[in-house]
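First the structure, in the form of structure tokens, and then the observations on it.
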Amino acid sequence: LTGVLDDCLCDIESIDDFNTFKIFPKIQKLQERDYFRYYKVNLKRPCPFWADDGHCSIKDCHVEPCPESKIPVGIKAGSSNKYSKAANNSKELEDCEQANKLGAVNSTLSNQSKEAFIDWARYDDSQDHFCELDDERSPDAQYVDLLLNPERYTGYKGPSAWRVWNSIYEENCFKPRSVYRPLNPLAPSRGGDDGESFYTWLEGLCLEKRVFYKLISGLHASINLHLCANYLLEETWGKPRWGPNVKEFTRRFDPVETKGEGPRRLKNLYFLYLIELRALSKVAPYFERSIVDLYTGNGHEDAESKALLLDIFRDTKSFHMHFDEKSMFAGDKKGAKSLKEEFRLHFKNISRIMDCVGCDKCRLWGKLQTQGLGTALKILFSEKEIQSLPENSPSKGFQLTRQEIVALVNAFGRLSTSIRELQNFKVLLQKTR
């Protein structure tokens, strides 16, 4: 892949260099910090669209939840850790269960702060979300250590996996049923049409709907890259060996084997990277405020995590070829508002489809990456609210929950890894020729 991406003035080589030398090493370190490695997720929510018929019983599909004792006390404290250490310094937090019983918020906060928490809760329940959020209070919601449950090839495939992606593309990408997505094995025979009618249709769409398709395609390409890069190569004497599978990569992305489709998918991965990179640069003022702590209960670790996050934000701001989101939803106000709402609801629907993934590990990472992208979109559409944030008090206009912050960073970390793995596959392919 070389050259300039469609719908933006950025070339692939610049992204490769920026990611390899600036972003990738730092985002890897950040994902290892306690604040970002524990993600609370409900993997037992039923599929809202069809009877769950494809639950994966392969052992690599399994997700091991985190024992209560391993989770940092500041994270277990729940909503009280959204902002300040002052809200968490009480001795009740030494014992998480007692903190929950007594209500860490009520026992440690002033009346003014209590009202602020109520406002945050109201705001969290408002309609600006692009994702269907898991209810963290559900007894089925559990903390998962992302470092111990890495995203990789699990063997989950076939009709059940295809149904999920088919539903995402065919029902949620603003697409007429007469236009088939290229190389979709579930679509009826198209005769001599190699998908060109699809791309003619795509070019005829407004920018916003083209962007929507590219984001979903880029997410799909990124997930496929992770599976190719972390593939079960052999299992001898019970010791599995994971690594890059060049043959699988070629099958999914080679221009000849995919009839020109592979490079288009990879370009969409770069486009998605640019969108999430832009969101990180835009949300920096939210985290730069002294009131925001990445609180786990370990003061030294928390300070280091925040310093590293702010360092990454400085890098994202230094990138000189950002996607310009101002070109989106820039038409007449009424039409733009209606299109934005349609965009949001389509994406929210896709986040609900993730509850239909039959493999727990795939569902975990699908939900996390979808929520990360949903959070990025929420940021890009909240620029005015972010710019007017108060320095020393909670904002009623724009909030991020810990779940959204963890998803945003890890989702971008996955994209950064995808682009890094792509460089590795280039080297491996040259060796095999």
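Glycine too: its Cβ is placed from the backbone N, Cα and C atoms.
Where the annotation comes from TrEMBL, it is an automatic prediction and has not been curated.
Under the heading active site, nucleophile, TrEMBL lists Cys359. Positions annotated as active site by TrEMBL: Cys362. Taken from TrEMBL, the feature FAD binding site applies to Arg152, Thr154, Trp165, Ser217, His220, Arg252. TrEMBL lists Cys56-Cys61, Cys359-Cys362 with the feature disulfide bond.
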Nearest by Cα to Arg252 (FAD binding site), of the recorded positions Cys61, Cys359, Cys362, is Cys362
So the record assigns Arg152, Thr154, Trp165, Ser217, His220, Arg252 to FAD. If I measure every Cα pair among those residues, what is the longest distance in angstrom, as a whole number? 21
Hey, how far is Cys359 (active site, nucleophile) from Cys61 (disulfide bond), Cα to Cα, in Å? 5
Cys61 (disulfide bond) has how many other Cβ neighbours within 10 Å of its own Cβ? 19
State the count of C-beta atoms found within 10 angstroms of the C-beta of His220 (FAD binding site), not counting that atom itself. 18
Please identify, among the binding-site residues Arg152, Thr154, Trp165, Ser217, His220, the one with the smallest Cα-Cα distance to Cys61 (disulfide bond). Thr154
Run through Arg152, Thr154, Trp165, Ser217, His220 for me and report the binding-site residues whose CA is within 10 Å of the CA of Cys362 (active site), in sequence order. Arg152, Thr154
